[in-house]
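I have placed the structure first, in the form of structure tokens, so that the comments after it can refer back to it.
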Amino acid sequence: GSTPCGESCVWIPCISGIVGCSCSNKVCYMD
């Protein structure tokens, strides 16, 4: 994924994961 979801995932998972975002390099990205 290359589109940032405006969310970090250093301490907690991506809340935006419900819309398809995933953690990459401590930042949530949409595939």
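A Cβ is built for glycine as well, from the same backbone N, Cα and C atoms used for every other residue.
For Cys5-Cys21, Cys9-Cys23, Cys14-Cys28, the entry in Swiss-Prot reads disulfide bond, with the evidence type experimental evidence.
Long-range Cβ neighbours of Cys14 (disulfide bond) (same chain, at least 6 residues apart, Cβ-Cβ under 8 Å): Cys5, Glu7, Cys21, Ser22, Cys23, Cys28. Residues near Cys9 (disulfide bond) in space but far in sequence (CB under 8 A, at least 6 apart, same chain), listed by position: Cys23, Lys26, Val27, Cys28. In the three-state DSSP scheme, Cys28 (disulfide bond) falls into the strand class. Within 10 Å of the C-beta of Cys28 (disulfide bond) we count 22 further C-beta atoms, all protein chains included. Mapped onto three states, the DSSP output places Cys14 (disulfide bond) in coil. Most other Cβ atoms within 10 A: among the disulfide-bonded residues Cys5, Cys21, Cys23, that distinction falls to Cys21.
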